[in-house]
Amino acid sequence: MGAITLDGKATRDEIFVDLKQRVSELNASGRTPGLATILVGEDPGSQAYVRGKHSDCAKVGITSIRRDLPADISTATLNETIDELNANPDCTGYIVQLPLPKHLDENAALERIDPGKDADGLHPTNLGRLVLNTPAPLPCTPRGIVHLLRRYDVPIAGAHVVVIGRGVTVGRPLGLLLTRRSENATVTLCHTGTRDLPTLTRQADIIVAAVGVPHMLTADMVRPGAAVVDVGVSRVDGKLTGDVHPDVWEVAGHVSPNPGGVGPLTRAFLLTNVVELAEQR
């Protein structure tokens, strides 16, 4: 008997139904939410992500604004674009699509975003608010992971969660999210300096793999019945591949597919952040 699928696409569709209703109510009150994107260069993966975000906007009625810039732009031009969106009343929230070309400073670009328009929840001010547990836009992927686990009634309170990967978009903020009183999990954050990773993962009720190493989590590292969330993204022979080996499905109780698991919810909560920002105005 295989694991239960944590279906991100079906869960996203449920969120979109709710968002569509909320956007309709905002429009009726004269507050039309708008999501903007800044895309620098022509990276195919980034272009696909941005297209998907604007397609999602159309599905729920959010206005979408695109700022596509050539790869060789200067820091000054990028800053001007960020400043323009900060001042644009039609833009409720926006994102700078990462990665940026190497000559541009990603951290400086993220810091220049108005924290009140930070749709990704990755501005240093908003990450600080997450540490303090005060209201702010939440990072989309960690929020999607928690929602997906709840949707399938995977117990979080009191659970031991092993998060593999300490990146700023998933690993670090996920640990903060899961240890809030509302989630109340115990989190072990693992990384390249972790000794004897398999011993730790075999103790986990929930494993979140977010390192971008193809099939690094294998069945012998998973306790029978554990929930496994696959967030890592790599390309093998031109195909998107996750961090979780296919044999894990025979051992785990729940597994999120990749693609089709957390990814759709990352995009759904990007729109949710924008709608919530509009509702607060």
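A Cβ is built for glycine as well, from the same backbone N, Cα and C atoms used for every other residue.
Annotation source Swiss-Prot lists NADP(+) binding site at G165, R166, G167, T192, V233, citing sequence analysis.
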Local Cβ density at G165 (NADP(+) binding site) - other Cβ atoms counted within 10 Å: 22
Other CB atoms, at most 10 A from the CB of G167 (NADP(+) binding site): 15
Local Cβ density at T192 (NADP(+) binding site) - other Cβ atoms counted within 10 Å: 8
Among G165, R166, G167, T192, V233, the record's NADP(+) binders - longest CA distance, Å: 17
Under 8 Å by Cβ from V233 (NADP(+) binding site), same chain, sequence gap 6 or more: G212, L240, T241, G242, N258
Nonlocal residues around R166 (NADP(+) binding site), in sequence order (Cβ under 8 Å, 6 or more apart): R172, L189, C190, H191
